[in-house]
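Reviewing the structure listed below.
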Amino acid sequence: MKLKETFVFFVVKWANHEVTQSRHKVSQSFIYFAELEVENMIEPFNDEYFMKKAFAEALQAFEEGEIPVGAVVVSKGKIIARAHNLTETLNDVTAHAEMQAITAAANLLGGKYLNDCTLYVTLEPCVMCAGALAWAQIGKIVYGASDEKRGYQRLATKAPHPKTEIVGGILETECRELMLEFFKTKR
Ligand SMILES: [Zn+2]
């Protein structure tokens, strides 16, 4: 048994033991927490896992002198597209990470709609990208840092597709600090 598995095993064993021994002395919330921990350890392919992959793309953008925003598209638990901001390289204001990711994912799937896909992006999408993601009918959007100036939430709350599930704030600190670091070097 690996170290991680051993730990999980003992957490479960201990939690069960406590419940049977002291008859609900251990609060249900703790048991829930323990189960949550176990779930996270067994299933590493969670939002944080894929956001780290998007973050790696953002780092790549940083190294290329691009505003560090990265994205990945996940379908059925697999990454089918990776992209980062290329506005400087391509001299194209529309070359945001999300736009690249939508095109790459649709090419790979051979269809324009991304209903079964989740897009992970390190920064809250702008109005253009939220609109493009709506056209693609993306199933879910997970973003890292909020964008108070250009984010769709401030400028166009209805831009995303009404059926798209949206989660924000995953690895928020890391994603935000990377942006701040980038603009510090530009000053
Ligand atoms: Zn955008």
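Backbone N, Cα and C atoms are what each Cβ position is placed from, and that goes for glycine too.
Just so it is clear, the model here is predicted, and its values are computed rather than measured.
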Per TrEMBL, Cys126, Cys129 bind Zn(2+); matching candidate in His96, His161: His96
Secondary structure of the domain 'CMP/dCMP-type deaminase' (45-155) by DSSP, residue by residue, totals 43 helix, 28 strand, 40 coil
Identify, among the recorded positions His96, Glu98, Cys126, Cys129, the residue whose Cβ has the fewest other Cβ atoms within 10 Å in this structure. Cys126
To the nearest Å, how far is the Cα of Cys129 (Zn(2+) binding site) from the Cα of Glu98 (active site, proton donor)? 6
